[in-house]
Amino acid sequence: MSTVPTPTGIPLPPASGAWREGDPPGRRLWYEHAAPLPLEAGGELPGVRLAYETWGRLAPDRSNAVLVLHALTGDSHVAGPAGPGHPGPGWWDGLVGAGRALDTRRWFVVAPNVLGGCQGSTGPASPAPDGRRWGSRFPFLTQRDQVAAEAHLADALGIGRWALVVGGSMGGMRALEWAVSRPERTGALLLLATGAAASAEQLAWANAQLHAVRDDPHWQGGDYHDAGPGRGPHTGLGLARRIAHLTYRSEPELRDRFGRTPQGAEDPWRGGRYQVESYLDHHAAKLVRRFDAGSYVALTEAMNSHDIGRGRGGTRSALSRVTARTLVAGIDSDRLYPPYQQAELAAGIPAARFRTIRSPYGHDGFLVEVEQVAALVRELLEGAAAGD
Ligand SMILES: CC(=O)SCCNC(=O)CCNC(=O)[C@H](O)C(C)(C)COP(=O)(O)OP(=O)(O)OC[C@H]1O[C@@H](n2cnc3c(N)ncnc32)[C@H](O)[C@@H]1OP(=O)(O)O
Ligand SMILES: N[C@@H](CCO)C(=O)O
């Protein structure tokens, strides 16, 4: 048994070594890579550890494995069960389980916490080989480095080829990277609310968020982890989340849901807040409690680096490498990753079809509209069964 280091101080259930046949579903495990991981930007990262969870059983011929890749502040806990040793319901609970689209009687579902993250995988808050936290010394990571680490995990699990790789937003970037860099290992592909490269607008929103964190005096160049309780760049991380959360939702949703209504008895003319301000404060505080600012910066920079065509002759040439049966879905109200970006992917990937998720919830629609995502998963997996 080994305890997962938690940058925020919130206890996580212990990780417990590599997966073994008969492990209960949703148990947090970890994989440690023996050799240092060579990095795209140069140098290497030693002591790489990926936390992950699994559901279902790996078939004897290992043909039923599905890889689920989370978004920026997600984690490996895709689905429950809740209970002792489990962190409660997952962020895609409606998708994974007996009788659900990723039916655990049929599929073996694997979800790693991304490299650079803070939910058990190696990130800036983790100890470096010298025993001190990585902090500012944590190297620059790209999506390709993160997928390379995930490929080592797949090797360790004996999974040569995923029946399906699925991800939304940042998870979609990594899913795409899997399909382009390792087409022989990616049987089917579901890309949600993602793009071929970080766009100018996405880089611009990220810039404001990176400034919010790094301009917080408690950031200390990234070396705040041992400054003591409550002394991290919480204000900056909260501000970054407020900015980001607005880009994740839609203007009509905010209008219809909150309008100009004051929060409870608060009076906005006398220092009080409107409901929508209270809502943003809530999401800021919630993220600060569960997420590390250093990881937020590392992962945001990794997303900024996303450009599937880099070093591959451009986007068109890179996308043409994909052999997976592919669905690419956009959300009609997504202002951060507008549907034209998914249409571009669908046009460039040889065996891809484009789908629209209808939702008032903007970019977060891929997390909220679980039934529509489930229908897409079913469409892809039923296609697999039919040899389509
Ligand atoms: C369990 C976890 O920690 S999640 C970990 C993994 N997370 C992820 O993978 C993705 C990150 N999560 C997210 O981005 C978001 O949580 C989402 C997208 C899933 C949430 O989407 P939705 O279900 O639409 O939630 P919504 O945006 O409406 O927010 C609901 C919250 O706002 C709160 N809220 C609503 N109105 C107000 C208001 N006026 N003032 C204060 N709080 C408010 C609700 O009480 C609720 O609080 P809770 O989440 O603590 O229960
Ligand atoms: N709300 C999601 C969306 C990011 O794409 C998250 O925080 O991970």
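Every residue, even glycine, has its Cβ placed from backbone N, Cα and C.
Here TrEMBL gives region 'Disordered' for one range in the set 1-24, 265-288, 289-312, 313-336: that range is 1-24. Non-local contacts of S169 (active site, nucleophile) by the CB criterion (under 8 A, 6+ apart in sequence, same chain) comprise A71, L72, L192, A193, T194, Y337, H363, F366. DSSP assigns S169 (active site, nucleophile) to coil in the three-state reduction, outside any helix or strand. Less than 8 angstroms from the CB of R241 (substrate binding site) sit H283, A284, L287, V288, each of them six or more residues away in the same chain. Note: the Cα of D364 (substrate binding site) and the Cα of D334 (active site) are spaced 8 Å from each other.
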